[in-house]
Amino acid sequence: MSAITNATLTPVSIALPETAHGGSAFTSGHNSLNGSSADLEKTGDASEKSLEGALAADIAVLRQEEERDYHRQNKYINGTMIWAHQIWWIIVPVYLYLAHNERRPEIVDWVAHAALINLMIVVLVRNELLLAAAYYSFNYIPFRRFYFHRMLHSIGGLHVGGAFATFIWITTYVAEVGKHTPLDTPMNRALLATAILLPVGIAIMIIFALRPLRERFHNAWEYTHRFVGWALVADLVAHLGVKAALLPKARDLFHTALPYFTIVIVISIFYVWFTVTKSKVKIIANKSVAIVKFPGKPTLADGTFARISRNWWQWHAFSVALSDHSNPDKPEFSLIVGKAGDWTNGLIGDSLAGNTPERLYIRGVNPPGFMHMHHAYKKVVTICTGAGIAPALPHIAQHTSNIHLIWIGKNHRETYGEEVWNAVEENLPPNQIQLHDTAKQGRPDIKELIIHAAKKHEAEAVFIVSNDPYTLLVMNICWRIGIRCYGATRDS
């Protein structure tokens, strides 16, 4: 198929480059670049800055023009999203009953069950296999599909709300244990000590998960969520062991639901770590991005992301971009790693310096993201900025829906290479590809792009893959013109 040119493309509101991009920034070698390295380095260095500047300018202009019409999510919706799993018409009578019977010894077990039910919800809503099943099944709901998707998309609210509710119930449980347990034996003291550690651990995790701290100290949030969480589970198991030892018969504990809830929690948290492998990888990099190729197949054919690490400590998620099944015995899939922080800069820098890592850790389960919901619609407009093209590529290659692509970036072909370029060019008709090169055209008029593309393509929904401010901007534009829109929530 011929290269995309200005003649073959008929963009709605932007002018494409006068000629097709020539040459590729990548070769078939492990870590080599074609052409003048100086030119490519200039291209790579300027690419991110140019794109970010154009997007920032677009955001500033549109906010200034339509500030009063800017959509804000209703506070009631925010509250119900966080506390939605608490069915108040059930929970309030439970609280009243517990308060009325506060002197009964069995209240300790009732509160313990409430705490573990909430903790189990917190864990299960982040379970990759359950998420994959939910995303897959929700695409085939025959009515009011968008509302079910919105509920699934707000699953972070269940995680947050469940965490706060768990803290409240666990704290209440500790108070009840202290009230009903005499501290006259070592085992009784151990029961109270292991109980006290539970709300302390949850409080630490909640504090570091608050958005200001999470965004400023991301590594600290990741470590506390993982290692404090593991310690919390170990303490929970120890606490139940002490509790069982204090019963007339230890097996009597299994006449309650507590050990079974704990087993579900332990399996849900730790099973994914048994799927981690240290895979041999191929990395092709320039100054802006790296394409990382792993052996095997993703969990689902499209709309998924993979978590990878160089040292087991820091894990980062990237969308699965391309799958190669040309050799059935040795399938591969690729991730596009763009510059976004110290870790990605280090990986790209080491690859260019000749210190390419031969192996990377990867988790064996690839959970789905919001892009998997392409399956629910026949016609969509997909907007990508820069390396955000990655999660759109599987849908483009597999024709999961009729896609009109708007790709905003700089020097698309040189920056992302022939493999990515061909995946777009060979699978979409020219009149459904709109490229905006920020190096030549400056900031895009994204509002005009969306309106014209949605009307021309008769789109049922818009998907946006970009940074936080631009995602919110596009979603509010879609809200104003009355079209469904999907974007990342970044709730964790």
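Including glycine, each Cβ sits where the backbone N, Cα and C put it.
Pulled from TrEMBL, these are the features on record:
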type     : residues : note
TRANSMEM : 76-98    : transmembrane segment
TRANSMEM : 110-138  : transmembrane segment
TRANSMEM : 150-170  : transmembrane segment
TRANSMEM : 190-211  : transmembrane segment
TRANSMEM : 223-242  : transmembrane segment
TRANSMEM : 254-274  : transmembrane segment
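Stretch with the most C-beta contacts under 8 angstroms to the transmembrane segment (223-242), considering only 110-138, 150-170, 190-211, 254-274: 190-211. Take the transmembrane segment (254-274) and the stretches 110-138, 150-170, 190-211: counting Cβ pairs under 8 Å, 110-138 has the most.
Sequence-distant contacts of the transmembrane segment (110-138), counting only residues of its own chain at least 6 positions beyond either end whose CB sits under 8 Å from a CB of the stretch, comprise 85, 94, 98, 145, 148-149, 152, 155, 158-159, 162-163, 165-166, 169-170, 172-173, 176, 256-258, 261-262, 264-265, 268-269, 272, 299-300, 303-304, 365-368, 372-373, 376, 492.
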